[in-house]
Amino acid sequence: MKEPKNRSHVHRPITELVWLALLATCTKLLLVPAYRSTDFEVHRHWLALTHTLPLAQWYSDETSPWTLDYPPFFAHFEHLISLFAHLVDPTIAHLHKGLDFSSPSFILFHRFTVIASDVVLYYGIYQLTRNVRFKRRFLTWALVVGSPGLVIVDHVHFQYNGFLLGVLLVSLAALEEGRDLCGGFVFAVLLSFKHLFAVAAPVYFVYLFRHYCHGGLVKGFGRLVVMGTLVAAVFVAAYGPFLYFGQIQVVFRRMFPFGRGLCHAYWAPNFWVFYIILDKILAFLLAKLGFNIQAPTASFTGGLVGDSSPFAVLPRVTPLITFTMVLLAIFPCLIKAWKDPQPRMITRWVAYAYSCGFMFGWHVHEKASLHFVIPLAIVAVHSMEDARHYFYLSIDHPKHAIQPRGHAKDVPMSDLLEVADITMLCLFVSCYSLFPLLYESQEYPIKLLLLLLHAILMWLGFSSRFSNNTAAKASQRKGDKPTQRGSSGGGFVIGWTGKSYLLGLLVVETWGQFLHPLLLGSRLPFLPLMMISIYCAIGMMYSWVWQLQWIIKSH
Amino acid sequence: MRWTVLSSDALLFFPAVLWFIIVYYWGRKRWLQGNVAWHIAMILLNPCLILIDHGHFQYNCISLGLTVGAVAAILSDRELVASVLFCLALNHKQSLRSLFSAKEGFVVLTNGTKLRAKEQFGDVVDVKFGTAHDPGNFIVLMIGASRTYTPTLPAKMVLRCDGGLGRWIAAEGRCGMWCWDVAQVVLRCGVGAMVQWGSRWLVEAVASGRASRQWVAVSQNSLMIVLASSRWTQITVDCGKKSKSGLYLTRNCFHAFGGSTMNENAKFDILGTECGKWSTNTKLVKREKRTETGPKLRWGQRSVGPELGSLYKLIACRTMSAYFAPAFFSHLLGKCLRRRNPLLEVAKLGLVVLGTFAVVWWPYIHPVDGFLEVVSRLAPFERGIYEDYVANFWCTTSVLIKWKRLLTMRSLKLLSLAATVSTCLPSMVQQLRAPSKQGFLYALLNSAFSFYLFSFQVHEKSILLPLLPASLLAFEEPFLIQWLTHYALFSMFPLLCRDNLILPYIALYGIFILLCHVPGGRLDTRETHSFTSLRSFLSAFLLLCSFSLHIIYLTVRPPKKYPYLFDAFIMLLCFTQFVLVAIYANRKQWMLSMNSIVVDKEKHL
């Protein structure tokens, strides 16, 4: 993707977005022959399920091990797709004949559905950024649309995250513009598409309660009732039919499979990785010291609740504990939202809430990092705007430099620089942690190239924003190259921590890809994955702590 | 093998393009430099080159990269470097071969001589066969078997080996991605046939009681055929009884039941349906017998004995970069003539050229017969003036005039030579009279076009050569490059269709067109839409024609009487467009010379 030149005034945002979307679509088309994951079969089965069976049996069917575990709206969405799938090839939508069915036409069709459903993502991002300046808008778009994580998960591995994130963005855009009712409604719809998004529900609740339901007791209560009715209506539309058929318990059992272990097969880089490692080390040390340590019988990934603990030394983690921890982690942000519900901050809060969910949640999949990475990218560009404003004022009117817009007034400059720093790091790490998802060697160049291109784009984008700030006058001139770096103190540089961290990442990757097979051969096959997981977890933890700090400090 | 293309791309083509861009934009006005990224994208992301090199699998990027380097050298006034680079570009395929066949004692066997009736095997197939010391053993190295659509293809790789052991090393093919695995076969006094373009092999063998993986033993007088395989091929062997002559496909054969992805012609489809089983089905064998034996026998007659141990044979390859030779020649000559000491300059250049050629050709000059062989391969006149449906003059007019019947080969050669020279003469004359850098780029375009349109034995992919200077000129001629890319791609559409590259075709073309119209992209608006309504109507009509032809080609079956009807239509349409573009480029070049002084001055600003 090439950096655009700044002739913003000529083009309308919608044409630009269409251009970018088409470019992204073409790139995605090139990824169609990529490897075929099991998720194809999962979604195909859901499609066949919803096509063949009546509504009442959707959640009780057990023809395939891939049972339907998304909320009802997603099932309806699959049903909609199945109507077209039936036209393409009736076998696809056949419950029994279609099992493990694969044909080029089916794969093409399935890939197309993802590409087409990305329209929602484009719409969401358009809603979110239609009123901002060209460069920031384009940077946001490039960051989100070209996000390697999203491309890897959706268009190589196959899922519908782009579509769901699009819905989230629409909701956030509505909130930022003050259309609270609409925002709440869309969020309720999103929850009925994928319940994993519910982590941000407390934030939404507190924010809407304080921001929407104000203005006296009567008016506030009236608004609360309106909002409550709207959200309840959405949930009734989603779950009502199942309640009617007496299936609601089955539905919830499917949607919340706490029977699965604390971690996914490949450990998502979150807090629990440290916990597990600590347990291993402690067990090892204590065993050395002569204590009698029983080796755990259950595994982390598949252990059933109530059976033996997978931990040797440390106390067992239950879903309730993780739930409490997530809530505790979100708490500071809830307080902020309660005290001062500003529309500007909502995206940041939501991003933070999702990262809490990712860090402390139960059975988190590494793909869940997309939930907070995408909003975080948007937040980063937002804050860049604030930073720019700050710069602009401080350069042109040195005496009034203390009066910038928004929250930036008390935040030191270094923090705003750090936003970009941390976001880049976070995007990088989260994308890198998705690498093991594509394990075949033929996809290796693709994912590497995607990541590097994206990193370069981010780098250019963010650094150009700063160069514009520092050399505000120069940037007014037409044809100034966007990649030009400013020379004065505000330049965008990754700090030494970030640099050394990225270097370490390189080491981990080199080890996993080349040195490990070379030196150890097939021994310790889990080691590279574990290293990636731990190393990424450090990065994630760092970015989470920083986000927390940022939330607390912000006004 | 894909990596080799990619790395040669990254090592040669990319730096060459970068160099060209730096030279081209050096000292221009500052606001023009905003177009650098756009221009690079235009050259590097040209869908034709990507599809042919990375989809169809060829090494064009090397010769094109060297050519671009030569152009850049000329633009920066380094004539000697330019001539060296261009000579290398002329010879790149030879040097590549020499890398592959450097080991003393190996024979590089051509796929060609007798079986080129329909198609040559592709430029990138090496077959190494037998060593001098151990004549019976042979190693077959197949690299990227392309052009696999001809029905007689499985016969093409039949090898005869008397009383020896054989090893087959099958490198990856065109549908596979990156990996290449090895299948090994032992042959004793057998005839082997092998065609593969899959990347993964699973060879199961049952031969004289032994069963093994990736190791197939075939008993005496046997014949084996490994047919087209896709990525997950199961090859099952049944070597029961001996056959009489070893040249018929009885029971001593392999059947490869390719996955269904790559089955392109009817025969493969028959096999493809029986995926994963192994068969002694007589019906199937019969079918194969009918289709396979003829060509195989022919190959069989071409006995390859031990005496061939020291003979080099090269894969036929045409020096594609020769298309640019007139432009280079005339530009350099014209420039030299303008110097103070023209004779010395010319002599210098001549020496450099001869030296480069000598270095490159040294390995082949060594055995004289090898040298002669190479020379005869370089000018593959015996193949006929045209084949398939290439959008050049001879093919297009052959719809009406059957050149091959009317004239003898010799007169056809003369005719095409005369036509080529006469068409590229104007641009040569212009360059001799007033050599300018801008004019040189146009001259490249023109001479490449005249070769493409009128020379002997042109292949579809040769359109890459006119396309290269056009993309170098993308900044001056944004419309031209789009138009030309569109029709160049279109002219290769049937070829790419057979390679199952339709999806990349669409995607890459989409990316290219989108990049052409970057919002707020090109700062230069000299070439604004000054189209009259007639012109825009015509271009819209032509675009509509080509789009509908795309769809028709994919969906409608041609009538049985004219199976290549749509190919002919595509050819016709593309040919007219190419001619128009060529005329336009010639005119433009001459217009330049009218005010060449002004242009030159502008250059130096």
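The backbone N, Cα and C atoms fix where each Cβ goes, glycine too.
The structure displayed is predicted, hence computed values, not measured ones.
Marked as transmembrane segment by TrEMBL: A:106-126 (among others). For the transmembrane segment (A:106-126), the residues of the chain that approach it from at least six positions outside its boundaries are 13-14, 17, 21, 24-25, 28-29, 31-32, 36, 40, 43-44, 81, 84-85, 88-89, 91-92, 140-141, 144-145, 154-155, 158-160, 162-163, 165-170, 172-173, 378, judged by C-beta separation under 8 angstroms.
For A:138-153 (among others), the entry in TrEMBL reads transmembrane segment.
Per TrEMBL, the feature transmembrane segment maps to A:159-175 (among others). With a cut-off of 8 Å between Cβ atoms, the residues of this chain six or more beyond the transmembrane segment (A:159-175) that come close are 39, 43, 74, 77, 114, 117-125, 127-128, 150, 153, 182-184, 186-187, 189-190, 193-194, 197, 207, 343, 346-347, 350, 367, 370-371, 374-375, 378.
According to TrEMBL, the feature transmembrane segment maps to A:187-209 (among others).
If you look up TrEMBL, you'll see A:221-245 (among others) marked as transmembrane segment.
The list of residues near the transmembrane segment (A:266-287) in space but at least 6 beyond its ends in sequence, with Cβ under 8 angstroms from a Cβ of it, reads 293, 300, 311-314, 317, 325, 358-361, 364-366, 368-369, 429, 433, 436, 529-530, 532-537, 539-541. What TrEMBL records for A:266-287 (among others) is transmembrane segment.
The transmembrane segment annotation in TrEMBL covers A:317-338 (among others).
Residues annotated as transmembrane segment in TrEMBL: A:419-439 (among others). Only residues 6 or more beyond the boundaries of the transmembrane segment (A:419-439), in the same chain, are considered here, and those with a CB under 8 A from a CB of the stretch are 34-35, 143, 147-149, 152-153, 156-157, 266, 268-269, 366-367, 369-370, 373, 376-377, 379-380, 383-384, 387, 446-447, 450-451, 454-455, 458-459, 462, 465, 492, 494-495, 498, 501-502, 505, 509, 529, 532-533, 536, 539-540, 542-543, 546-547, 550.
What TrEMBL records for A:445-466 (among others) is transmembrane segment.
The transmembrane segment annotation in TrEMBL covers A:487-506 (among others).
As annotated by TrEMBL, transmembrane segment applies to A:526-545 (among others).
Long-range Cβ contacts of the transmembrane segment (A:317-338) within its own chain (Cβ-Cβ under 8 Å, at least 6 residues beyond either end) map to 199, 202-203, 206-207, 210, 258, 262, 271-272, 275, 305, 311, 345, 349, 352-353, 356-357, 359-362, 548, 551-552, 554.
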